[in-house]
């Protein structure tokens, strides 16, 4: 009986594929990577210029993908975990369907979205540790999942 219990317990661990971490960038105080957090993997490219430092940088994120749905209404569910402490999930509306700030909000299914989004961390102090952010993109009136990405940030500030 014991071999059966051990086999049934270890079998899922043997055949479970570990999620591949895709490198984002490596700066002087942080390492950024992401992986897919659902089974709907599709080509998605994200790069930062310059690579993000959490001690106060600003720059641009270059994002490129081909949506599987029209982007008339788009929002993100953002779940953040800081050093194993859960922060309440935040819903961030990106495209309302009218009077939108981003040009890609009118993109149709199958059109390539190639956009640049500014970022800034000036004035924000991040404690040392590991940050995880799950960004789940939801589109349309039927609220269909467009994609889900799991970002990992390891912050290792230099102590001088």
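Glycine residues also receive a Cβ, built from the backbone N, Cα and C atoms like all the rest.
If you check Swiss-Prot, you get these features:
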SIGNAL    1-16  signal peptide
DISULFID  25-51  disulfide bond
CARBOHYD  26  N-linked glycosylation site
DISULFID  37-148  disulfide bond
CARBOHYD  77  N-linked glycosylation site
DISULFID  95-105  disulfide bond
CARBOHYD  101  N-linked glycosylation site
REGION    119-123  region 'Interaction with lipopolysaccharide'
CARBOHYD  150  N-linked glycosylation site
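In sequence order, 89, 90, 91, 134, 135, 136, 138 constitute the residues six or more apart from residue 77 (N-linked glycosylation site) in its chain with CB-CB distances below 8 Å. Sequence-distant contacts of residue 25 (disulfide bond), defined by Cβ-Cβ distance under 8 angstroms and a gap of at least six in the same chain, are 32, 47, 48, 51, 52. According to its DSSP assignment, residue 25 (disulfide bond) is in a strand. Per Cα geometry, 37 is the residue among the recorded positions 37, 101, 105 nearest to residue 150 (N-linked glycosylation site).
Residue counts for the region 'Interaction with lipopolysaccharide' (119-123) under DSSP (helix as H, G, I; strand as E, B; rest coil) come to 0 helix, 2 strand, 3 coil. For the pair formed by residue 105 (disulfide bond) and residue 148 (disulfide bond), distance between Cα atoms is given as 18 Å, rounded to the nearest Å. Residue 101 (N-linked glycosylation site) falls outside any helix or strand according to DSSP and counts as coil. For the region 'Interaction with lipopolysaccharide' (119-123), the model's pLDDT averages out at 79.
Here the C-alpha separation of residue 148 (disulfide bond) and residue 95 (disulfide bond) works out to 17 Å. Rounded to the nearest whole angstrom, the C-alpha distance between residue 101 (N-linked glycosylation site) and residue 37 (disulfide bond) is 27. It is 30 Å from the Cα atom of residue 95 (disulfide bond) to that of residue 26 (N-linked glycosylation site).
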